[in-house]
Amino acid sequence: MADFVQSLAIETWTLWSVGILLIGCRMISRRIKFRSWRRLQIEDWLMGVVTVTFTLVMYFLNEVAKNGSNFLDYETAISLKGEDAERAIYGSKMALAMEMCTLATIWLVKICLLILYHRLTMAYETQHLIVKIIGAYCVIAYILVVALLLGHWCQPIEQYWALPVENSECATYYKHMIFATAFNISSDLMLLGIPIPIVIQSQLPLKRKLILCAILMAILNRYYNFSHPNELVYTYWYVGEVATAVYVGNLPLCWQFISHVFKTGSWASFKGEPGQEPNSHVLAPGIPLPQRHQPKRRHFNSMLPRSLFSTNNLTRLSTPCDDEVWGTTAADSVTKVGTHTRTSETKDDDIMPVSRFRDESHTGGRPSCLGLTQIPGTFCAADLEKGPVLTDEKPTASSLSDTSANPSTPSTSSLPIPPILRKINQKIESLSGFEARGITRVLPSERQPPSRLSDLQIFFLWFGANITANNLTTGLFGPLIFGLGFTDSVFCAIVGCLLGSCCTAYMATWGPKSGNRTMVVLRFFMGYWPSKIPCFLNIVLMVGYITCSFIIAGQILSAVSGGNMTVVVGIVVVALVCWVVAVFGMRVFHSYERYAWIPQLLVLFVLVGSAGPRFDSSLQSVTGEGISLAANRLSFLSLCLYVPNSWAAAASDYYVYYPEDTKRRKVFGLTFAGLFLSFTFVYMLGIGLASGVASNVAWEEAYGVSTGALIITGFDGLAGFGKLCGVIVALGLIANSIPGAYSAALGCQVMGRYGKVVPRWVWTCVVMTVQLVCALAGREHLMELFGNFLALMGYWMTIMIFIVLMEHHIFRGRKGYDWSKWEDKSYLPVGWAALVAFLMGWAGAILGMYQVWYVGPLAELTGMCDVGVWLGTGFAIVGYLPLRFLELKYVGR
């Protein structure tokens, strides 16, 4: 019986996960279509109700399987006594609730489809009338089925959970099932008969097959119910019937989201022809890119000046990032026209038509961009990362390879760079999709145009990067390290995640506004020289955090192989993939993050279904009450704050290509949503796994081996599929490591002029090498490394954030910022106040720090509670305000 319950739980929650994912995709698709949540249709809101009823069906079904019901033969029913009888009665109540929720789910899905069909057939009188008739039939059928279930088949209604029952119908539901099945299948057949192909001139074979699957599930459900009395095998088909109904109601409406993410075509085939690809614009050969007089279509060229489209003024311009690399582009003769820096004018016949930007010989007829950036859903356009660009801002330094550069311009060309290295760098940065830019500001004219997909990318970036196993490990600390119960751990995790996500979301808003990387933005708040301290700490932070990710990935891959593959091999595999993506830069990085979350989310849902039945939600805190319990709660809350908060020092790095007028509320909201949802989910999953360690011997033994082994043990019962899920979980850590490696390399450039002249990709290689060595050296001490390191990276981060908050909202907010002066030491703050306040904050953090290797005096007074982050922030606030007033009074900046 236990095996059956576990098997059913795995199946139900796996199917539930897929259904919820489809509902989410549907909602996003509708949001993309209508451009506002408020404009969603009534069927979309009804699908939100379906989400609740669908979830309740799965919950009630598992409760029936665990407790049984009065669906028993008479002898067995009268023999049940005490607790067994109470469980059977409880299960019978759950069975009735399950049936009600099942009916609600199935018929609500039908109503949602009918409402949609009602709108589609508005222009066709006959088909519209048919939809109305079927709708009335479905409403009447549902009312009859529910009324007979509650008021006729079993009277009084208490007999549904009586033990034993006086009327067998109260336990078997035979008459109800016959009646409900007849209406259910007949309405499904009517839905199949709605002439959708006539209305939208398309064929939807997948949808029809899914409806037939729903009918098959309903028939099999009833067949097993009738042919196997007193057995629970029919529950499998209950699951299949309800899940398939949800899939049918949502999958056809997910195409817009899927087409945006995967660049696929329409699901429909119009009159026997292939569906239209989102990028396959009907253009005749030789038609140039659209001009700016088309305001309603958002193309890349709409962000460029009008003069760029004039055949007399079309120019090839020097790359603005030439000052920081070893010769990315050899500029031709430089001239100045007005305030624009221009190079070698092109001829009229250099204007290339769209058709010449496409190479269909290698893409199966689909358009691709050669050496250009393809804006999702539009045309090929000039690469954002390499130019050509038109700039109103004078470059701060010329290219090292530009022998004709203006000698009066500040230059780093005096640095002794061997010619062979220049050539190597030029070849590498000429690779398609490679980002040559380092920390140089991205000018407003270089930004990408606004689009819904780029807005969604903000959410996908953070959601995909953090729904990973290393963040799941943080959740283990609540029950296993701090001795907290399930409820205490969940509450502390949610509050900590909320605070940490807000901090990072706030720092992210500076990216589009400034066009500068986070550590460059920090110069405007802390000064040129003091800002290098947080920059260095951020490099250490990213290296250490990715080291932990590599170790966890290696442990998981080793556990999947049964020990045949060592942790070392797993670390190297993950590090290599991360290195490749991080080296190529923003384009490949964003593309990877856009898709990485999908398999991760699916396998973690599978983990919930597989391991969820063994979570112990009744686990109590072992530290008792009073100051000790409060100390452990606050320590775990702080730990859960540190992890999402740790991204704050890199948050702006990924938004520098967004338009300057991007709303800060939008950036904040989408960043917060991506962080909070991903961290909350994995925290809850980690807490659940930790709660099961105390009551499950196999989990305890696996935890004794490694954290990765514990995660793999959660997939027990899934055989080879469970191992596949484990591999996906391990590879998912790549998505978490890439942003850190990318930002650490940028931080190395911010550290000084010698660091800046080294290309970003070289620093990425250096950072990845250091991370790999650290991971190999510390692979046997993950939990110690993770616990101590997480706390350390949180202390200084909050100090930095509050200095930014105070400087902007109290001292500088109304004056504004000249973001082009990111290297002008005479414009930037001196930074003495920020430096002293930062050091004061560290002093407070040390006083309140509680680590294995050090306990601060104030931490001892609070019952061994880690209050370092709170004291550090308070000390910094108290010190910064008066010092900054004095600095402005006597220094003036």
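Glycine is treated like the rest: Cβ placed from N, Cα and C.
Per TrEMBL, the features are as follows:
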TRANSMEM  6-24  transmembrane segment
DOMAIN    26-217  domain 'Rhodopsin'
TRANSMEM  45-62  transmembrane segment
TRANSMEM  94-117  transmembrane segment
TRANSMEM  129-153  transmembrane segment
TRANSMEM  173-194  transmembrane segment
REGION    390-416  region 'Disordered'
COMPBIAS  396-406  compositional bias 'Polar residues'
TRANSMEM  459-482  transmembrane segment
TRANSMEM  488-512  transmembrane segment
TRANSMEM  563-584  transmembrane segment
TRANSMEM  668-690  transmembrane segment
TRANSMEM  785-806  transmembrane segment
TRANSMEM  827-847  transmembrane segment
TRANSMEM  867-886  transmembrane segment
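Residues 523-531, 533-534, 795-796, 799-800, 803, 807, 818, 821, 854, 856-859, 868-869, 871-880, 883-884, 886-887, 891, 893 of the same chain lie 6+ residues outside the transmembrane segment (827-847) yet bring a C-beta within less than 8 angstroms of a C-beta in it. If one looks beyond the transmembrane segment (867-886) by at least 6 residues along the same chain, the residues whose Cβ comes under 8 Å of a Cβ in the stretch are 634, 638, 641-642, 791, 794-796, 798-799, 802-803, 806-807, 810-811, 832-834, 836-838, 840-850, 856, 858-859. Stretch with the most C-beta contacts under 8 angstroms to the transmembrane segment (668-690), considering only 94-117, 459-482, 488-512: 459-482. Sequence-distant contacts of the transmembrane segment (6-24) (same chain, six or more residues past either end, CB-CB distance under 8 Å): 47, 50-51, 54-55, 58, 61-62, 65, 232, 235-236, 239-240, 243, 246-247, 250-251, 254, 601-602, 605-606, 608-610, 612-613, 717-718. Same-chain residues lying 6 or more positions outside the transmembrane segment (488-512) and placing a CB less than 8 Å from one of its CB atoms are 447, 475, 478-479, 482, 518, 521, 621, 629, 633-634, 636-649, 651-656, 658-662, 664, 667-669, 671-672, 675-676, 679-680, 683-684, 687, 690-691, 797-798, 801, 804-805. In the predicted model, residues of the domain 'Rhodopsin' (26-217) average a pLDDT of 78.
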